[in-house]
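I'd like to ask some things about the structure below.
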């Protein structure tokens, strides 16, 4: 569909009590404005003009300077003035869609309906009926068709009784929009150039104005403070949870589940309470996720169990694995099939072979670990000398005793055993027992120091 979009994002957001622009506050882990940009890109917008006024450098850094055409509104003189800053870029014959960076839940379906509804030479306007329309511009109709929009501060008492309100979202043809914007005046209670005044201008020219309702009213709710943002967050999460339930995912408590990215699921997934999904996560069949787990940009294969309060980021977990509780898998961690990683184990940039186990209180970093290896409690791969990192290689069928330190670079060959409490500084040969311990000392009749 041939259209361009204008996203208004110049407001200060003073009620957010924040140093960053309002539209950069996140919903589901993503800046509000990015939700709107993604919707436009998904529908194939030819150009996306983002009108900003405050924190331009910060906005460009977070939203991506190349994704949109940046339009500065140096003075905030109203919505009509804001759109007019981008008007020189509009093609005369293209559809121009006006959206808002602080209205993040607008759906692709609603936008498509609005674009399709635009009458030739006229305007398609998104409206909604509210039980309490206080503060919103009212839709004025005459025998059915929309003829004008009156803002709350300019409305008569009779007009204030109208419950159909303007959302601000609309579509018009570029050439018409430029002409109507150029003719706007600020003769109103707020001394601003209202975008809504183009409705009356279109009517005066005999152009049709078609009103369209959103798929869901929550889509057009804006954010002015943190309470409103929290409300939209809960609405968004409830919708995501409902979709997953309908796809067969068992959410033990849908109200305590957060999806802040994308989730691809197999069959018979079980997710307990307070689980957070971030980035791109893929789950195979029969995966069970315990309470309080956080998953980000990871893949979990079939029949794997993630026990409570495990954090997995940038990792790959194979089939039939057990992780947790209280495990941290960091970027580059790869657990092969039937691997076990237990409580208070941290793994980074490590391949843990099939059937291998590290069940207790262990740090594994920058290591290649073979099959059927047992890593005892308190084992540390010492991979960093303060400037550089080094690799530990452990072969198949190795047993590493508790409280051992492996000082990289070092190799422990197939079948070797490292005795508990050892500090391994040299390579260990196949099927060798390596023990490194200080000589014991015993002092009879020892008296502990006492306070004087």
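Glycine is treated like the rest: Cβ placed from N, Cα and C.
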Please identify which of 339, 358, 420 is recorded by Swiss-Prot as part of the acetyl-CoA site containing 377, 383, 384, 402, 437.
420
Out of 224, 402, 437, which of these binding-site residues is nearest residue 8 (UDP-N-acetyl-alpha-D-glucosamine binding site) by C-alpha distance?
224
Which one, from the binding-site residues 102, 151, has the smallest tally of other C-beta atoms lying within 10 Å of its C-beta?
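Relative to the other binding-site residues in 102, 151, 151 has the fewest Cβ atoms within 10 Å.
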In whole Å, could you give the widest CA to CA gap in the acetyl-CoA site formed by 377, 383, 384, 402, 420, 437?
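Farthest Cα pair among residues binding acetyl-CoA: 23 Å.
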Taking only the Cα atoms, work out how far residue 78 (UDP-N-acetyl-alpha-D-glucosamine binding site) lies from residue 224 (Mg(2+) binding site), in Å, as a whole number.
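Distance (Cα to Cα, whole Å): 16 Å.
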Quick check for you: of the binding-site residues 101, 102, 151, 377, 402, 420, which have their Cα within 10 Å of the Cα of residue 360 (active site, proton acceptor)?
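Taking 101, 102, 151, 377, 402, 420 one by one, the ones whose Cα falls within 10 Å of residue 360 (active site, proton acceptor) are 377, 402.
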